[in-house]
């Protein structure tokens, strides 16, 4: 395990970025491409929109719901072990899905098993990037998470071609083999110990029953793994508390609520963009190409927003860059129902893809700014856990609205307003905080001006030290005249 006083901002860190890049391809890009199977599943099993949409929902939900489990394994066992285990589970789920005979079979294999495998890989890989980078953190995350867009750009037409050549069963079998590359990604994740990680040494190290020699040794080491062998109960309780005490931070609470609405709004679009395009007369290849456009522009959003928000002029305004990107994606969803031809859907894919890549890059950066690097793995586990319920509920709700109304308008409007509300919540929270700070500063200034002046003999004292010489002389004369009386 490499030890550093701070993030190295390079070196093996770029291999960590490459590993995380491959993880996002094998997890998020594959998840997005499951929407291409949507029409095939619906036709083969003869089911409606709502029941078929549960497949994509369960994959996303399981990935995010089990994210804290991925963080736990990464923190207490090894990031490498967690990612390799996740790769095996995800591959097994996809291979078993190729033998599915019902939607319920797909719910379990493609939904639960594959989603669990993705969960063990995703948040630990992203947290590792945050441990290796500080000054260039946003750029590193932009490159690492651009794998989602690049993977979507490449896999979308490839998956469509595989379905045409080998049917949906053959395509899932091939994807199962492809996802085994997660095991290679896990091998790249070399652990690192930072000085910040050692600042949380537990107070019980100072107790009398701990030998002095062991105290000195333990203070130089990462806390949990050595202590679990010595004091299992005390260490596990303490570590569990210290790893999740950020849940009480007001800034994290607001971020968590906004993420719930953002996740609800963004998920259905990746499920229904292809079916919606087909419903307005776009061909299958053109519909798959829309996903490819969205994916490649997503890459540009990842990298350019990561680079821009690392610049000195924007580094202090990452918060507003994030909420602007979320709000723009919400506006795109509001306009989508009036775009009913391929030439009009192409600009939509450009715009939505760019801002989607932008805010996805900034989620871990903002989380690190709120909780710090040492708690980033646990915090990201919670952040992605919060995506779970919206990801589970929103596609079936959108499908139910399509089945009920016979159109996609209500579904897309609900997504748009949800994302705009997420952005507005962050904006008004920051505005309220700024107003409160200004009010407190004005109160402090008024209090300083109202401080009293008193005299002692012939000397005048001012608490604010702002009296001029004339005021001192005037008070001195007045005091002498009073004494003479």
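Numbers here mean position along the shown chain, with the first residue as 1.
Just so you know, glycine gets a Cβ as well, placed from its N, Cα and C.
Check TrEMBL against the ranges 231-249, 345-363, 440-458 and you find transmembrane segment recorded for 345-363. Counting C-beta pairs under 8 angstroms (sequence separation of 6 or more), the transmembrane segment (287-308) reaches the transmembrane segment (139-163) with 3 or more such pairs. Among the stretches 12-31, 81-100, 169-189, 375-393, the one making the largest number of Cβ pairs under 8 Å with the transmembrane segment (252-275) is 375-393. Long-range neighbours of the transmembrane segment (375-393) within the same chain, counting only residues 6 or more positions beyond its ends whose Cβ lies under 8 Å from a Cβ of the stretch, are 57-58, 60-65, 67-72, 74-75, 119, 122-124, 126-127, 130-131, 243-244, 246-247, 252, 255-256, 259-261, 263-264, 267, 363-364, 367-368.
Counting only same-chain residues 6+ beyond the ends of the transmembrane segment (12-31), those with a CB under 8 A from a CB of the stretch are 2, 56, 59-60, 63, 83, 87, 90, 118, 121-122, 125-126, 128-129, 132-133, 140, 143-152, 154-155, 175, 178-179, 181-182, 184-186, 188-190, 295.
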